[in-house]
Amino acid sequence: MQRIDPTSTPTQTPTPTPTPAAPNSAALPTPQPSTAAWLSVIPGLGQLYNRRWIKGSIFLALAIVFAIALTAPLANGLHGLVTLGDNPEQDDSRTLLVQGILSAIVTILLAAAYVLNILDARRDAAKRREGFAIPSVRKAFHDSWEHGFPYFIVVPTFLLLTMIVLFPLLFMVCLAFTNYNLYNSPPAHLLDWVGLDNFVSLFTEEVWTRSLLAVMAWTVVWTLLATSLQIALAFFLAMIVNDSRVKFKRFIRTIFILPWAVPSFMTVLVFAAMFNDTFGAFNRDIFSHFGTSIPWLTDPFWARVAIIFVQVWLGFPYVFTLVTGVLQSISKDWYEAADVDGGTRLSKFRYITLPHVLYATAPLLIMQYAYNFNNFNIIYLFNKGGPPVPGQSSGTTDILISWVYNLTFEQNNYKMAAAISIIMGLVVAFFAFYQFRRTRSFREEEMY
Amino acid sequence: MRRSLKSKLEVSGIYLVVLIMFCVILYPLLWAISISLNPGTSMFSAKLIPDNWSLEHYKWLFNDPRSDYVLWYKNTLIVAVFNALASVFLVGLTAFAFSRYKFAGRNKSLYAVMLMQIFPVLMGMVAIYLLLNLVGLLDTFAGLIIFYAVGGLPMNVFLVKGYMDTIPRDLDESAKMDGAGHLRILTKILFPLIRPILAVVALFTFMAPFMDFLTPRIILRSPEKFTVALGLFSFINDKFGNNFTIFAAGTILIALPIAIVFLFLQRYLITGLAEGGTKG
């Protein structure tokens with residue numbers, strides 16, 4: 001809370017040095033940045049003090065409108081966020097939670113605008129003291145378009161992102177600290193904040209710890225194995241197709257891109273049908289010739305093999321396309337120089353091709369790992385995470401995200417799903433952030 | 001002599017690998033096509049090479065009164081076109097700001113965009129549902145389009161910004177000298193130069209509604225608003241084996257145009273992705 005207390009002004013802001021040369025304002029009192037800042041504790045007054053009449057009036061009007069129109073809803077919203085409803089007959093805790101989070105976001109945004117308003121008044125006063133003329137309204141508009149242009153784009157974009165991406169994340173984080181599940185769900189019941197209870201049961205109750213460990217382990221294996229295999233295969237194929245002796249390059253590349261071009265939604269379901277234990281094409285048309293039949297969908301091991309195969313099939317064309325692009329851009333001079341020095345093929349690969357490709361594609365390859373970590377579609381469409389495991393709430397091929405989906409939409413166990421999501425989000429965020437920092441793209445940022 | 005023999009062996013080895021890959025890639029696709037041409041609705045009796053080919057499933061999709069396929073297709077096209085337009089517009093502007101301007105909080109916001117991109121939207125689906133319900137956009141195309149365009153923004157901004165960074169700044173500096181404003185520089189100078197990556201973004205965002213069954217499943221409620229992926233998914237979800245031939249026919253009609261566009265644009269894909277993704 002800011003207090004308006006004129007007497008304390010000089011002691012709190014000792015910085016402004018009194019009256020430097022201000023030749024053109026001899027008749028007027030010298031503008032004091034600190035006074036302007038203190039005045040704009042009520043938005044607009046500081047700007048009026050700076051003789052920016054229109055700007056000041058707009059700020060003041062906005063402040064009054066916001067104060068009248070928003071104070072009550074925001075206070076209500078925040079109140080609802082704290083209590084999650086008092087009256088089971090009227091209050092829907094989910095709506096209160098949504099409104100509460102939105103109120104919190106709006107409050108933070110308004111607070112930021114408020115701080116900017118104070119800084120603005122102060123800066124203008126400082127400018128005036130140094131003898132800058134106050135620009136006309138027209139010029140002020142032009143200036144702010146000229147210099148503030150990126151903000152006109154970035155701020156609205158971030159508002160949109162806040163609503164569609166950030167808000168859902170916040171909502172989910174909140175759910176993890178409530179008791180929202182099938183048996184205690186609005187509108188029939190009110191939700192309550194339960195602190196860390198969900199996390200405690202996740203790490204202490206047998207069925208949860210076992211499921212969590214199993215799913216975590218398979219998620220890691222799946223991410224590493226499927227992605228690495230798809231990168232290795234893509235790299236190998238891109239290399240051999242790029243060989244100067246190979247003809248029909250365009251045609252070969254076109255066929256290789258096909259799995260990417262066909263919607264994965266369709267191919268995964270087709271694969272699910274083909275891998276079907278009894279009537280699937282693989283067992284019926286191929287393995288029957290060898291007199292065996294493999295339980296692709298019901299045996300844990302084979303289900304995992306099948307699903308990794310499908311992902312490699314689906315995922316290699318993207319990496320193949322990337323690597324091909326990079327390979328074509330490596331200058332031939334490198335290889336000619338290596339030939340002159342008598343470099344072997346292996347050493348050319350080791351010292352020219354590999355560094356080039358990895359250097360150029362590292363961020364996207366990392367994203368591939370992140371993508372597979374979250375690759376819900378394939379797991380869900382292929383086998384719905386099955387086959388199921390007794391004594392666990394998750395299936396054999398369930399990765400974290402598909403497990404969360406299952407908990408949310410099939411079992412309506414929102415609180416646990418949210419708690420697991422948080423753990424998962426932290427893991428991803430940590431790795432991605434760490435990795436991105438190391439990659440070139442962000443180091444370059446510092447250069448200009 | 002030995003050298004050329006070795007070379008020939010190598011090339012044959014390469015062709016052999018390519019041939020094996022062709023089989024692995026084409027087998028499931030051809031299988032799906034042949035299933036769709038099998039008479040009868042059951043996958044159990046379907047054969048890889050049907051005894052008598054028939055287009056009955058395709059006809060059923062278009063002619064049978066019980067089939068909403070044409071309607072679904074139309075819905076999806078609406079969503080896809082608007083999603084592509086909105087995405088290119090939003091992504092182009094945002095990437096322009098990040099690539100060409102230095103402003104306070106720039107790096108921090110880039111990190112924020114980066115982080116948002118890695119969190120799967122799936123985790124917030126319940127919230128999206130409640131939010132759209134609150135503002136009255138549940139069960140509307142507008143809600144779905146906004147969700148797609150904004151949800152895909154972080155990833156696409158990253159791609160386009162990377163591509164824009166490779167275009168020399170001298171160009172816009174000199175245009176600025178000549179008195180061109182911000183938007184003029186963007187539309188007249190940069191947009192033509194970044195067409196390849198914009199094509200990639202347009203393609204990806206156009207395709208998304210055709211492939212995604214999950215988001216529409218949560219946002220769209222009434223069957224007459226279903227997109228084609230959701231429609232086909234709900235069609236097959238309950239009785240997997242029984243409708244599979246019709247399902248196969250329906251998906252092939254999605255896959256075909258997408259694959260064709262995709263293959264036509266592959267030149268753009270290769271250059272666009274290599275430049276944009278790697279230098280971002």
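Indices start at 1 and increase along the chain as displayed.
Note that Cβ sites are derived from N, Cα and C of the backbone, with glycine treated the same way.
These figures come from a predicted structure and were not determined experimentally.
What TrEMBL records for B:73-265 is domain 'ABC transmembrane type-1'.
Per TrEMBL, the feature transmembrane segment maps to B:12-33 (among others).
Long-range contacts of the transmembrane segment (B:77-98) within the same chain: residues 106, 109-110, 141, 144-146, 148-150, 152-153, 156-157, 160-161, 164, 186, 190-191, 194, 198, 201-203, 205-210, 227, each at least 6 residues beyond the stretch ends and with a Cβ under 8 Å from a Cβ of the stretch. Per TrEMBL, transmembrane segment is recorded for B:77-98 (among others).
Residues 98, 138, 143, 147, 151, 153-155, 157-158, 214-215, 218-219 of the same chain lie 6+ residues outside the transmembrane segment (B:110-132) yet bring a C-beta within less than 8 angstroms of a C-beta in it. Marked as transmembrane segment by TrEMBL: B:110-132 (among others).
Long-range contacts of the transmembrane segment (B:144-164) within the same chain, counting only residues at least 6 positions beyond its ends with a Cβ under 8 Å from a Cβ of the stretch, are 79, 82-83, 86-87, 90-92, 94-96, 98-100, 113-114, 116-117, 121, 128, 132, 137, 190, 194, 196-198, 200-201, 204-205, 208-209, 212, 215-216, 219-220, 227, 272-273, 275-280. The transmembrane segment feature in TrEMBL is assigned to B:144-164 (among others).
What TrEMBL records for B:185-207 (among others) is transmembrane segment. Using a Cβ-Cβ cut-off under 8 Å and counting only residues 6 or more beyond its ends in the same chain, the transmembrane segment (B:185-207) has close neighbours at 80-81, 83-84, 87-88, 91-93, 96, 100, 148-149, 152, 156, 159-160, 163-164, 167, 171-172, 175-176, 258, 261-262, 265, 268-269, 271-273, 275-276.
Annotation comment: TrEMBL describes B:244-265 (among others) as transmembrane segment. For the transmembrane segment (B:244-265), same-chain residues at least 6 beyond its ends with a Cβ under 8 Å from one of its own Cβ atoms are 32-33, 35-36, 38, 40-43, 46, 57-58, 60-61, 69, 73, 199-200, 203, 207, 210, 228-229, 232, 235-236.
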